[in-house]
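So Swiss-Prot lists the following for this protein:
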type: BINDING; residues: 40, 65, 92, 118; note: S-adenosyl-L-methionine binding site
type: ACT_SITE; residues: 118; note: active site
type: BINDING; residues: 122, 154; note: substrate binding site
């Protein structure tokens, strides 16, 4: 399959991305909808989830991506490999996350990852960053106790801001105040491999959803 070419940066606040998506019937998507679910927000070409779904078939995987051609390409590859625990959806996470979380069976979402999100360096563009207080609150409300949120970036400013947003939500507890020395997941992303091959740092943090008082 030829590699799909897309723009690297997509403005999630543009008018074309302000239509709330329709979520599928999850019982029709996954062979076993009772498995724990890993949600990857901003999955790009989906190669990370493709490897995870193969390595950990006891989990279901859902990738959200705002660039629709990448979603179509990733789902085609998943179908070719007959992976019934993997699905990708075209979505603007800042708009669609709450409806998505409401659509899922209660308690199945056990892990969320946000990896190397678009940094949007210019100050006037920072409101386009995916991790906003509203996203954190939505996850805190939906995730069961013990669920994990894994964050990583090669941009210190972006990683620090993401961690600040999650640390400000009392229902999340960071596992370690220092950056994690290694990725706790068994599969690296394509971006992670590229950064490490250049011997550049990757900043990682893990948050756990705390039990209700």
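Every residue, even glycine, has its Cβ placed from backbone N, Cα and C.
How about a rundown of where these features are and what they're close to?
Annotation note: residue 118 (S-adenosyl-L-methionine binding site) sits in a coil segment as assigned by DSSP.
When Cβ atoms from all protein chains are considered, those within 10 Å of residue 118 (S-adenosyl-L-methionine binding site) total 18, not counting its own.
Taking a C-beta cut-off of under 8 angstroms and a sequence separation of 6 or more, residue 154 (substrate binding site) has the following same-chain neighbours: 116, 191, 195, 200, 201, 202, 203.
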So, three-state DSSP: helix, strand or coil for residue 65 (S-adenosyl-L-methionine binding site)?
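Its secondary structure by DSSP: strand.
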Using only the Cα atoms of 40, 65, 92, 118, which the record gives as binding S-adenosyl-L-methionine, return the largest interatomic distance in Å, rounded to a whole number.
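Greatest Cα-Cα span of the listed binding residues: 14 Å.
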Within 8 Å of the centroid of the Cβ atoms of 40, 65, 92, 118, which other residues of that chain place their own Cβ, given that this set defines the recorded S-adenosyl-L-methionine site?
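Sorted by sequence, the hits are 41, 42, 43, 44, 64, 66, 67, 91, 93, 117, 130.
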In the structure shown, with every protein chain counted, which of the binding-site residues 40, 65 has the densest set of Cβ atoms within 10 angstroms of its Cβ?
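The most densely surrounded of these binding-site residues is 65.
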